[in-house]
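The region 'Disordered' annotation in TrEMBL covers 1-20, 236-280. Taken from TrEMBL, the feature compositional bias 'Polar residues' applies to 1-16. Positions annotated as transmembrane segment by TrEMBL: 39-56, 62-81, 88-104, 124-145, 166-186, 192-215. Marked as compositional bias 'Basic and acidic residues' by TrEMBL: 236-249.
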Amino acid sequence: MTSLDKPTEDTGNSGETEADKARAVTEAALFEAFGGVRGMIETVLPGLLFVTIYTINKDLHLSAIAALAVSLVLVVVRLAMKDTVKHAFSGVFGVAFGVVFAMMTGNAKDFYLPGMLYTLGLGLAYIITTLAGVPLIGLVLGPVFKENLSWRTRNPGRKKAYAKASWAWGLILLGKCAILFPLYWWADTTQLGWVLVALKIPPFLLAVWLTWVFLAKAPAPIDVFAEMEAAEKAEKEAEERRRTARSFEETMEPLVDETLQRLAHDEDESADARGRHRKP
């Protein structure tokens, strides 16, 4: 192997390593942002319990209470494990709204209505924000990747990837709504419930996978937190240099003055000596 071949091979390996690191960072960020396997379980379990109990005994109150109870248990488990509770809390609020709607109307299908309306609103939000040039998925994932909103003005390739991902999320969610809302009007509660449970995970996984595909091919995020830390460190170093320079000046100024005075005094004495030497 020649010396010219080695750098080329090393560069390729380095490129693969950087690409692998970028993919790993993207996977970890998506896992954190969307809750991972546990978040999916917390999303599906209350609705699954509701439709299972209602299918068996048609008891709206028992089904609703059971769904709300399991949501609260999931929150308690996360609190006990000192884990993040944002996904569990969102599940509790969703179930609570569904219970309130169903209890108020006496229609078991209304248990699913708040979640369906939320899905519709979220799908529209993805589309509208993308058309406005601020894709929602970028607003969600920007802080997770420590880039905040830097992708909007400083990373056009990443902004394009976020726009594609937001389109994917919006269209998938609207497609899901196109299936569920007709069922809400024309199907019975158990049919709607089982279809809704079946549509919980697959569309979500598809959207997450497409997001990963788009972001894995995008430029790396700009770590604005690292930039701020570097700027702060540089400012501290500059301030330390200025402080050192001022201290040096304050120390040297008296010495310089004293030296100049001595030189002036010696020069005067030399001049006097030369004057006396010249006298007859």
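Cβ atoms are placed via backbone N, Cα and C, with glycine included.
These numbers come from a predicted model, not from an experiment.
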Cβ-Cβ under 8 Å with the compositional bias 'Basic and acidic residues' (236-249): same-chain residues at least 6 beyond its ends
none
DSSP helix/strand/coil residue counts for the compositional bias 'Basic and acidic residues' (236-249):
14 helix, 0 strand, 0 coil
